[in-house]
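Per TrEMBL, these features apply:
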- 21-51: transmembrane segment (TRANSMEM)
- 57-76: transmembrane segment (TRANSMEM)
- 97-119: transmembrane segment (TRANSMEM)
- 131-156: transmembrane segment (TRANSMEM)
- 163-186: transmembrane segment (TRANSMEM)
- 223-241: transmembrane segment (TRANSMEM)
- 262-283: transmembrane segment (TRANSMEM)
- 327-347: transmembrane segment (TRANSMEM)
- 368-387: transmembrane segment (TRANSMEM)
- 430-452: transmembrane segment (TRANSMEM)
- 472-490: transmembrane segment (TRANSMEM)
- 566-585: transmembrane segment (TRANSMEM)
Amino acid sequence: MWKTKRSTVNGYFLAGKNMTWWPVGTSLFASNVGSGHFIGLAGSGAAAGIGPVAYEWNGMLMVLVLGWFFLPIYIASGVTTMPEYLQRRFGGKRIQIFIAILYLFIYIFTKISVDMYAGAVFIQQALGWDIYLAVVLLLVITAFYTVAGGLAAVIYTDAAQTLVMLMGALTLMGFSFTEVGGWQAVFDRYSSAIPSIRPPNTTCGIPREDAFHLFRDPLTSDLPWPGVLLGMSIPSMWYWCSDQVIVQRSLAAKNLLHAKGGSLLAAYLKVLPFFMMLLPGMISRILYPDEVACADPEACKKVCGNSVGCSDIAYAKLVMELLPSGLRGLMMAVLLAALMSSLTSIFNSSSTLFTMDLWRHMRRASEWELMIVVFVLVLVVVSVLWIPLVQASQGGQLFIYIQSISIYLQPPVSVVFLMGCFWKRTNEKGAFWGLVLGLLVGLVRMILDFIYPVPQCYETDSRPDVIKYVHYLYFSIILSLFTLTVVVCIKISSLDLPVGHGCNILLTWHQFLAGRPDLSDTPSKLKNILLWLCGMKQESGGENAPPSLPDTVVCSLEEDPRLRHVVNGNLIVCLSVAVFLIAYWA
């Protein structure tokens, strides 16, 4: 905290833009893999097999898209927050303020409340504490060093916590596979992991037949394969390419190469949750079917206090049953590290949004530190109040709750950023109204999902057809196409000036390619002499010269040719790994 340059905006919110690739990469991973992953991904594995890991491997691809396509634009535009980018790209304040508020709501619904609930589930299982007492204790510790240290403190803490998480999770994975009888035993025994008490004449508690398939039936399954390929990628693009929590870590890198290296490290680490979290969750069901796979409401209520299902206790159950007392302490440290790394990232990024995009438009800048403290407190209170809804949603599967809520809120934002970065004719009216109308449609679906929850396996599905037959992944595709149509139609019907008119900041991919300086091809003395003899000496500037970049941005975009080849080679390897994993388990 003493060395994090907290007195300046760049120092507090972007860690002085001096981070190397490895803390950036570990912070990206730790910000993504919080306690919600340990509890939620393991729980979904116990309930539905390997299908949910598609979100992880899709994330492998999207974090690389961030490093190679979106991040150069963000760095060149010189922004601190994602709403600030939209304000610079389109002009006007309304889209900046609107999307900043939207981001804060998304963080409450899908991040803070989820992580707090997940951490509290583990503490409840381990220590028998009341869930809300556990939440308060965790928040006091987490909020302190978030507010006190700024982004640099958060990133370095994330790096240390990533190491702790990997050590602990790999240890439990080893114990789990030893107890179940090895790799093949998981495949042989999972289909027979059925609880002894379940409603008669139903499929309740029986594992899915497609449990070991990534691509599932397009009409009747829980994860239809067209939705996995298309509908999943759209909110994933928001998360990895325009979410403040993720992008802020990449913007803290000292230059573009280090940011790309951080994306690569995070992508490689994203292979691990399948082995460290999801498969142990499936093993937990095999070992403890009456608790983890309970199907009778009264039995579930006795096991975990949640009548809709107890699959989310799968990981905590392994910790408490398999590990000796000393290692239980290590795993408690692992899950607390996962929780705090995720929460600190969210609190810091939320504070950045609030300070840079909202508060400075309302009050004098000298009050910003006090307001960060108050704002974090408000976030915490609202998130705690949301926890009961998280607990009861999506049949008790925390991970599926996260993904479904994300799909109702994030596709319009993904489309606006995608169009803003890669279609230079996109204007402010189209982006704003596409965002507003798309969000309204998404909110209607989200509210309907809470009014008409997923029925239990022994209940008749009486939900409206639009809820029953339109899977949330298909809804993601529909919502994205609707938003895209609004953006394009409003642009076509308006007469706004093209983007970048009278502006020397690079705000789109087209401008970036046209205006990026060639930093790796300095003419040799011989070439200069030949050009001079032929009367062809190169001149900079001129009427049609591309937009000039500030010196600091030029430095950030500079790429050493040799290191660029190393990074691009790793990109090919990482993409190959992701494609192989998806194809093998499809």
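In case you wondered, yes, glycine gets a Cβ from its N, Cα and C as well.
Outside the transmembrane segment (262-283), and at least 6 residues removed from its termini, the chain residues within Cβ reach (under 8 Å) are 19, 21-29, 32-33, 37-38, 41-46, 49-50, 52-53, 56-57, 59-61, 63-64, 66-68, 71, 162, 166, 169-170, 172-173, 176-177, 179-180, 186, 190, 211, 249-250, 253, 311, 314-315, 318, 567, 570-571, 574, 577-578, 581. Segment contact is absent for the transmembrane segment (566-585) and the transmembrane segment (327-347), given fewer than three CB pairs below 8 angstroms at sequence separation of 6 or more. Comparing 57-76, 97-119, 430-452, 472-490 for CB pairs under 8 angstroms to the transmembrane segment (327-347), the maximum falls on 97-119. Cβ atoms under 8 Å from those of the transmembrane segment (430-452) belong to residues 86, 90, 92, 94-95, 98-99, 102, 389, 393, 404-405, 407-409, 411-413, 415-416, 419-420, 463-464, 466-467, 472, 475, 479, 482-484, 486-491, 494 of the same chain, restricted to positions at least 6 beyond its ends. Looking at which of 21-51, 97-119, 472-490 has the most CB pairs under 8 Å to the transmembrane segment (223-241), the answer is the stretch 472-490. For the transmembrane segment (21-51), the neighbouring stretch richest in Cβ pairs under 8 Å, chosen from 57-76, 97-119, 163-186, 472-490, is 97-119.
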